[in-house]
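Participant: Sharing the record's features from TrEMBL:
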type: DOMAIN; residues: 8-78; note: domain 'Release factor glutamine methyltransferase N-terminal'
type: DOMAIN; residues: 114-203; note: domain 'Methyltransferase'
type: BINDING; residues: G123, T124, G125, S126, G127, D147, N189; note: S-adenosyl-L-methionine binding site
type: BINDING; residues: N189, P190, P191, Y192; note: substrate binding site
Amino acid sequence: MEWTVGSLVKRAAEILRERGSKTPRLDAELLLVHSLGLKSRVELYTNFDRPLSEDEVERYRKLIVRRAKGEPVAYITGNREFFGFEFSVDRGVLIPRPETEFLVEVVFEFLRNKEGLTVVDVGTGSGCIVLTLCKLTGERHKFFGIDISKKALEISEKNREKLGCSKVEFLKGDLLSPIDFSVDVVVSNPPYVSVNDPKLEREVLKFEPAGALFGGRTGLEVIERLVEQSSEKLKRGGLLALEVGIGQSDKVSNLLRSSGFEDIKTYRDLSGIERVVTGVKE
Ligand SMILES: C[S@@+](CC[C@H](N)C(=O)[O-])C[C@H]1O[C@@H](n2cnc3c(N)ncnc32)[C@H](O)[C@@H]1O
């Protein structure tokens, strides 16, 4: 049988749907774009009737098999778009999530009319938060990204080169320990999943790094330490902005209140979930 771009995507999407993908058509399209070396999904539609060679079909089939076994598309293609920028990813880092774009927006609002601030992204992973903030603010501030994982820092360095953000410095260490000066902003999407969380998807557990996910028994253990350290390292009037898990915003707000933060706010994401908690250092 001769496959065309259109018929192959349709068949692959059917297979992925049967295998439980929640976004089978999108997955099938992204993988074919990657496999054929195209720039975007639009090119699939402008080449819909193009016949594919046996080699092209075979290369694509191997990717679909990986996806059908649950491997996330971003790890297969090695890329993920975040805030309109393309980030390299591999299994050493969490795949940037759309809800984290919301955390970036909140911090961007704080930074946008200011200059010369020091911003630290704790648990930087792929560097998606700090590098996006650097791109959005035209390098008007000084940025640091910290991670405890060497593998994550290799990827964040790669992304810094790719995006050309010379003002971002990546440091290895536990939370804010590599910082021995006071800062204006601490932003973090920390590990906040409880090790006992029964709702965590199998796909996430199997493929994404455990160190990026789990915040101890309660899920809040990393956040508790980070709030305490931020309280020490932030200047007066400085901002702490945290992404939190479902149902954690009240506890985290109380933690900020009892650790010397004021003007505590929570922000809902597009699904109505309280996803970001911020506080200003008294
Ligand atoms: C939820 S991921 C967030 C990654 C990235 N910032 C994002 O939003 O996609 C948490 C990150 O924190 C890092 N991490 C975990 N514990 C840490 C610690 N004690 N100190 C510094 N980084 C830590 C993990 O390696 C991981 O990269």
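Each Cβ is built from the backbone N, Cα and C atoms, and glycine gets one as well.
Neighbours and distances for these, please.
Facilitator: Across the domain 'Methyltransferase' (114-203), DSSP classifies residues as 25 helix, 23 strand, 42 coil.
All protein chains shown were included, and the count of other CB atoms within 10 Å of the CB of P191 (substrate binding site) stands at 21.
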Participant: If the criterion is a C-beta within less than 6 angstroms of any ligand 1 atom, which of the binding-site residues T124, G125, G127, D147, N189 pass it? List them in sequence order.
Facilitator: T124, G125, D147, N189
Participant: Across the listed S-adenosyl-L-methionine-binding residues, G123, T124, G125, S126, G127, D147, N189, what is the farthest Cα to Cα distance, given in whole Å?
Facilitator: 12
Participant: Checking your reading of the structure: which of the binding-site residues T124, S126, G127 lie inside a 10 Å Cα sphere centred on P190 (substrate binding site)?
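Facilitator: Neighbours among binding-site residues, in sequence order: T124.
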